[in-house]
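Engineer: Feature table excerpt (Swiss-Prot):
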type: DOMAIN; residues: 11-287; note: domain 'tr-type G'
type: BINDING; residues: 20-27, 84-88, 138-141; note: GTP binding site
Amino acid sequence: MAQKDVLTDLTKVRNIGIMAHIDAGKTTTTERILYYTGISYKIGEVHDGAATMDWMEQEQERGITITSAATTCFWNDNQINIIDTPGHVDFTVEVERSLRVLDGAVAVFDGKEGVEPQSEQVWRQADKYDVPRICFVNKMDKIGADFYFSVRTMEERLGANVIPIQIPVGSEGDFEGVVDLVEMKAKVWSAEAKLGEKYDVVDIPADLQEKAEEYRTKLLEAVAETDEALLDKYLGGEELTIEEIKGAIRKLTISSEAYPVLCGSAFKNKGVQPMLDAVIDYLPSPLDVPPAEGHVPGKEEELITRKPSTDEPFSALAFKVATHPFFGKLTYVRVYSGKVDSGSQVINSTKGKKERLGKLFQMHSNKENPVETASAGHIYAVIGLKDTTTGDTLSDPNHQIVLESMTFPDPVIEVAIEPKTKSDQEKLSLSIQKLAEEDPTFKVHLDQETGQTVIGGMGELHLDILVDRMRREFKVEANVGKPQVAYKETIRRKVENVEYTHKKQTGGSGQFAKVIINLEPFTGEDGATYEFENKVTGGRIPREYIPSVDAGAQDAMQYGVLAGYPLVNLKVTLLDGAFHEVDSSEMAFKIAGSQVLKKAAAQAQPVILEPIMAVEVTTPEDYMGDVIGDLNSRRGQIQAMEERSGARVVKAHVPLSEMFGYVGDLRSKTQGRANYSMVFDSYAEVPANVSKEIIAKATGQ
């Protein structure tokens, strides 16, 4: 590996992710890429639990990918850094954080199913970060696989402008290869070829000639429209060269105006090499994407950019933290500008703390290749960073920048966890600290009432796996409670001039603070859920005490007034107050801020909010009525019904609290023929009768 350490020519580097629905064959596709690029010598099969990218025990047992390992490989003198992303909905944060540091992606679809709910969600996340993509229709060897149907679902469900640049030769068991519409040749894999390493380039089979011409014409029309010179040439009846066609497809892909579609079967080792060629031909290099944007630490309005060049000051974004069995904490970073040697000192400009880079590696799944220098445009794993967590920026101490970070959703589901012995208590706190570093959507708090540790996550599977890792990696023996919903509280009306005076006179210096506030419902533009405005004039409260009132109010928001759930969506306006020369203190004003917020919230029509999930059930028509009836009985609201490849799809919004154990109920109602997916949608007010139950349960009545 050493001779190919880090390519300095960034035009030959691709940072890509492979994104897909849970079973579209993403890990198998990644495995094949690593095999053909010469890194894995034995192909790992997910079915045997041997895949090299899936490196946690739970992943191999469950056959799904949870942590996005970053892997480097080489293809025809180009370097590809791949970030494997999970397709299961509970791990959307892993997908989001990988998309943030990618330049391009390969979207893998199941040739039989086309676009599935999860692929739709991941596609939308990629839109959010504006990631150029190529599409790979996988599993073309499966019974029922249909390339043209899959392409149609991309147009209809994703609204994407897709351009097939290949069509399949044969299908299902007779799938042999692909017709390359750019070169107008067929590439077929014979049964003898060892693991599909060699393929033959042959003339297009006669029965496909017409179809190939039809799709080639569509491709050329799309290509010709990118450039006037090409359009003139095309309309004038001249042949476009292969270079011209590829250049135009590249332009369309990088600007996200179109998405090239390829096909194959990773499992049967067909079509993977042409897909690798397409990654190099059409996806952007670090030089093709806009420079990284950020701001001066502490001054969000002062924007700065960093170009992907080693001459610029060093900047990098930490996008993942993992625990390694020997090295302890590994931090994955994407370097956006400059270069830095291992052992150097940098600054975590998000937190303002100095960090020393220990060893630097480029990773292959979980084998490490040490490197001396980290340079712009590449992805590395670093040892030795103490305070850096996901989303933090590292930069040159003399030229600091805070790069745009990622937003992580709040958990929607919680379980209480109780260690069995005193030594388990210590292991538990260590495991929680380690897991929280790795996964920003994993939240922990101590329940004041019960003294239990409560952990929160993005879904039942997410929490199952976290608890499983505590038991396995950290040997924690603990009792785990039933999953609970993460409710919130808010207010419905504005209350004005609510006052509170905190005073305590006991010989010596007492405590005194008086505050008057308005409290009103509030939702910020960027999803902010709290705002504090100071309107005190004439020094009625000294300036140094104002932040204490704000801090007190925020403390009080952690436990709401109805059932002790966190308060959200409030704006506090501090109007007036009074202080005492001797008895006032920051503490006194903090207590006053806290108490006045509780008093005001109680008068402002407080309500409980619950997480609502967008649920999509795919069912045979015979069970449609039962499925809808069942969703209605769970307080669900049916949003839409449609037909999809012979089955019915019901889309509904259902409260999370009603969805526990749904998977078993759905199976028994439909004899196991229906399946569902659910993603968090929004928080909504709880109906009065349910609210009463929640309050009674919380207050123990």
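Glycine is treated like the rest: Cβ placed from N, Cα and C.
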Engineer: What mean pLDDT does the predicted model reach across the domain 'tr-type G' (11-287)?
Structural biologist: 78
Engineer: State the count of C-beta atoms found within 10 angstroms of the C-beta of MET140 (GTP binding site), not counting that atom itself.
Structural biologist: 29
Engineer: Enter the number of other CB atoms within 10 angstroms of the CB of ALA20 (GTP binding site).
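Structural biologist: The answer is 28 other Cβ atoms.
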